[in-house]
Amino acid sequence: MLLENKQVAIIGGGMGGLLLARLLQMQNVNVKVYERDNDDKVRVQGSPLDLHEDSGLKAMEKADLLKEFYANVRPNASKARIVNKDFELKFDEHSIKKSHSELNSKPNTNSLQDISKPRPEIDRSILRSILIQSLLPETIVWNSHFTVMEKENKGWRLHFKNETSFYANLVIAADGANSKVRSYLNAEKPIYSGITMLEGTIYNAKENTPNLFEFSKGGKVLAFGNEQTIMYGTKGDDSLMFLLSSKIPENWISESNLDFKNNQEVFEWFKEFYPEWSSKWHELLLSNELYFIPRPQYYFPLDQTWKTQENLTMIGDAAHRMPPFAGKGANLAMLDALELAECLTGNQFETSENAITYFERQMLERASRATEDTLKNGEQLHSKNALEKLVDIFNATKMQ
Ligand SMILES: Cc1cc2nc3c(=O)[nH]c(=O)nc-3n(C[C@H](O)[C@H](O)[C@H](O)COP(=O)(O)OP(=O)(O)OC[C@H]3O[C@@H](n4cnc5c(N)ncnc54)[C@H](O)[C@@H]3O)c2cc1C
């Protein structure tokens with residue numbers, strides 16, 4: 001096996017990095033995950049995730065974690081209610097007698113159709129816990145914020161903010177959209193998609209935003225109007241996460257001078273920027289225990305490539321950052337983990353360079369297609385007739 005007696009370092013303990021560590025450990029590889037979080041108790045930000053059969057679920061099955069996954073799926077979480085900006089209900093998946101998951105999906109003629117497909121959904125923090133618990137003790141080196149690395153012998157010496165340093169024969173970047181490791185393979189800058197999302201998380205949402213919490217029925221609410229969107233959903237810990245999304249210039253965050261820690265300021269901005277939206281939405285912005293993260297959406301060029309190195313590669317968002325409008329990013333990160341583990345631990349390749357070359361080629365082709373899909377979806381979801389289009393697509397899936 002190519003990794004026999006080798007030390008593997010994975011930078012970043014997100015979905016991709018943790019799953020890769022699990023799959024490598026199943027083949028007795030010496031692997032460490034260097035994660036910048038202080039410990040496993042840090043509140044995991046971000047939306048729930050629905051896993052796709054041909055990627056996320058396939059990888060969980062190979063990692064022998066499907067049982068743990070299904071024990072934690074939230075059955076109503078993937079059901080959608082679609083409303084307009086005045087909060088009028090236009091489509092309600094909860095009222096469909098035949099459950100969405102019993103329906104077969106039409107052939108995929110439109111990438112937007114993909115997001116109406118039924119899929120098991122899990123809270124991100126729970127999925128992360130499942131993956132953490134599947135690893136041998138001390139696999140994850142917490143509080144390890146990667147800063148730089150240099151070549152040493154045939155591998156790399158890695159340096160971290162806390163002034164520790166470690167040697168590894170093979171380094172895998174899984175440090176997400178703002179990867180620091182990526183620059184050692186590819187210096188290309190990401191391209192702004194034209195869309196910025198403002199993510200809000202409300203803790204104790206049952207108390208802090210009671211009407212919207214109840215309206216969601218434990219699923220998702222998608223709202224469209226004026227080429228803008230609001231999407232929200234609840235999580236198993238009674239928090240609610242929402243995303244305000246619109247076409248905004250790239251430098252909006254710095255130029256607006258908005259203080260995202262000042263909720264009143266953000267509320268004033270919302271009233272000005274979403275003027276025609278019903279005041280029923282204000283409950284989101286006026287909640288207690290509300291925290292914002294602005295997320296401008298970037299992607300890497302569809303034809304990106306780099307020169308393969310025998311002791312360094314990358315997976316997930318580090319390799320193929322893209323907007324989330326196709327709901328594929330975490331699924332792709334997990335499939336990358338599976339395919340890279342198989343290339344490195346199977347008997348198909350004689351050298352690490354050949355294994356990595358093969359892996360990167362497949363990954364880049366897949367990522368390019370997904371990026372194209374998500375950009376197309378982003379355009380459609382922020383178009384004038386987004387509401388009608390999405391309702392049609394959900395209804396078409398319902399009629400099958
Ligand atoms: C609003 C939103 C909604 C989304 N919805 C979906 C969805 O429904 N379905 C889907 O499949 N995908 C979705 N995605 C995309 C998905 O979240 C990402 O594609 C996925 O998390 C990528 O996984 P990853 O392991 O590559 O990176 P990440 O999950 O970002 O993990 C990176 C890890 O690296 C750590 N790290 C970062 N820098 C360093 C460093 N310097 N040193 C050490 N550690 C570091 C981080 O702390 C983190 O733990 C969504 C994204 C957003 C923003």
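Glycine is no exception: its Cβ is also placed from the backbone N, Cα and C atoms.
Some features that TrEMBL has for this protein:
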- 7-345: domain 'FAD-binding' (DOMAIN)
- Arg43: NADPH binding site (BINDING)
- Asp50, Arg124, Asp317: FAD binding site (BINDING)
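Residues Asp50, Arg124, Asp317, recorded as contacting FAD, have a largest CA-CA distance of 17 Å. With a cut-off of 8 Å between CB atoms and residues at least 6 apart in sequence, the same chain places Gly14, Gly16, Gly176, Ala177, Ser179, Gly329, Ala333 near Asp317 (FAD binding site), listed in sequence order.
For Asp50 (FAD binding site) paired with Arg43 (NADPH binding site), the C-alpha to C-alpha distance reads 19 Å. Fewest Cβ neighbours within 10 Å among the binding-site residues Arg43, Arg124: that distinction goes to Arg43. Cα of Arg124 (FAD binding site) to Cα of the residue listed as 'NADPH binding site': a span of 10 Å. Proximity of the binding-site residues Arg43, Arg124, Asp317 to ligand 1, judged by a Cβ distance under 6 angstroms to any of its atoms, singles out Asp317 in sequence order. In this structure, the residue listed as 'NADPH binding site' belongs to neither helix nor strand by DSSP; it is coil. Around the Cβ of Asp50 (FAD binding site), 21 further Cβ atoms fall within 10 Å across all displayed protein chains. In the predicted model, the domain 'FAD-binding' (7-345) shows an average pLDDT of 93.
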